């Protein structure tokens, strides 16, 4: 009778082996549950940190303008009324000097001078310096550029040379657009000053504006002619020569 009972228990999975198997399954299930809870907690914590990080970034972005004022604002704050008046007087004297030089050297037909927020500006029309659609300085223009170089040698300020075009599109192998043409013209003028006249290259910067800064609308040939120009900007400086 006892033997039959043992056989029955073995067939039906009862006994110690069955109990051990069930206990193992319970332990494994508990372990999986704990791991799942652990990762849920980690995910929740990471979400909280991410929200805090986003909030901090938003706060910095809102205050960004106050943390990084532009250079112009700094200069304005650091410039006293007396310094501003002095700089204005220096610019007036420089413009007067330039106009006197232009008159004495009979250059009025080839260039003009003006003053704006950049400094004192020498304006040269395209026909004086280049062939249409080209950036190589004309041989005939070298006399004019030499006279300008003589003037610049007496002025310690930095110089910005700007190329400008009219609104007509250009598309050549050398100059795919007005941007390349205007920049090449500015660079060509600087190349003459630094290579032929031996002016320090560190004083110069070349800028090409294409047709983005016209002085007239481009509705007539005469207006387009005025827009095709090179501007030599004698930049403002505390050491402006009188």
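Backbone N, Cα and C define each Cβ position, glycine as well.
Looking at the stretches 24-44, 45-65, the one that Swiss-Prot records under the feature transmembrane segment is 24-44. Per-class residue totals from DSSP over the domain 'OmpA-like' (117-238), listed helix then strand then coil: 47 helix, 25 strand, 50 coil.
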